[in-house]
Amino acid sequence: MAAKNILRRAVLYVPGSSQRFIDKSRTLTADCIAYDLEDSVTPAKKAEARTLVRKALDQDSPPNIKERAVRINSVGSGLALGDLEEVVKSPNLTTLVVPKVESASDLTFISDVLAHSRSRDHLQEKGQIGVLALIESAKSLLNLPEICRAAPHLLQGLVFAAEDFALDMSITRTPSLNEFIYARQLIATAARAHNLPSTLDLVATAFRGEGDEEALVRECEEGKRMGYNGKQCIHPSQVATVQRIFSPSDKEVEWAVRIVIAQKRAEEMGKGAWSLDGKMIDKPVEGKAERIVEKAALCGMDVKGLKEKWKDQMPE
């Protein structure tokens, strides 16, 4: 089963055919950098990009990058095998982003290739490679249950690709994003139902114009309310905002720490029902508080200090 403590608030795509952008990415601070071999790379540059990305992976991981992934070409493109055969040579490869996943067979193909390649190159001891599946079409949505069950040892998350989905459905993206409500909610629900740690929302396509920062904030907050715990980025300027919003706020963490401490006291006192700040606290609230505290710790927030501050918190 996939790990539950993976922090992917922002996944920033970096064109794999640009050495300049690859070098620049090493200076950034981000949960995940995804070197792209798909949309940002022209057909003539595919082979060169594979080599550049593999060499980038071979370098030591930068201190402020938690994870380096590779977005390969789709299984249906006929290019995925070549991508995998090159990037899997790096012992530092930990995560693949797989586009246009439409059925279980797409992930089965990835699983089979990885198993063969890593056995051949004696890389099994390096640990399991995780997969993030891009959901991009109506067929993908309808096949979510089988996709989520296809490779439980590999699959770590679902990613919503809004632009390709809009193309497939012949719909127009609007600032409200109302046309994507059903798809976004279905993807978030499927990820949760199958215990996948990452659910990554659509890309904010505008990032340089007036009002774009406000739009990014709005998209992040809406995605978070829908159950997403991260977002795709296409420009470094988006990362800090995305990671801030997909982190618990200071106020949320303090509230959660108080709940967790008071909960233990309530159990010691044999209190099944209790309250805090005049509000009843039940099992769902306790569970939410525990998740917030866990995520705050992953985000590097001062949970230890807050626990010390509120160590004497009592249930009401």
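Using N, Cα and C of the backbone, Cβ positions are placed for all residues, glycine too.
Small disclaimer: the values here were computed from a predicted structure and weren't measured.
According to TrEMBL:
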type: BINDING; residues: Arg71, Glu136; note: substrate binding site
type: BINDING; residues: Glu136, Asp164; note: Mg(2+) binding site
type: DOMAIN; residues: 9-236; note: domain 'HpcH/HpaI aldolase/citrate lyase'
Per-residue Cβ crowding (10 Å cut-off), top of binding-site residues Glu136, Asp164: Glu136
Under 8 Å by Cβ from Arg71 (substrate binding site), same chain, sequence gap 6 or more: Tyr13, Ala34, Tyr35, Asp36, Leu37, Glu38, Leu96, Val97, Val98, Pro99
Averaged pLDDT, computed only over the residues in the domain 'HpcH/HpaI aldolase/citrate lyase' (9-236): 95
Coarse DSSP state, helix versus strand versus coil, of Arg71 (substrate binding site): strand
Asp164 (Mg(2+) binding site) versus Glu136 (substrate binding site) - Cα distance in angstrom: 5
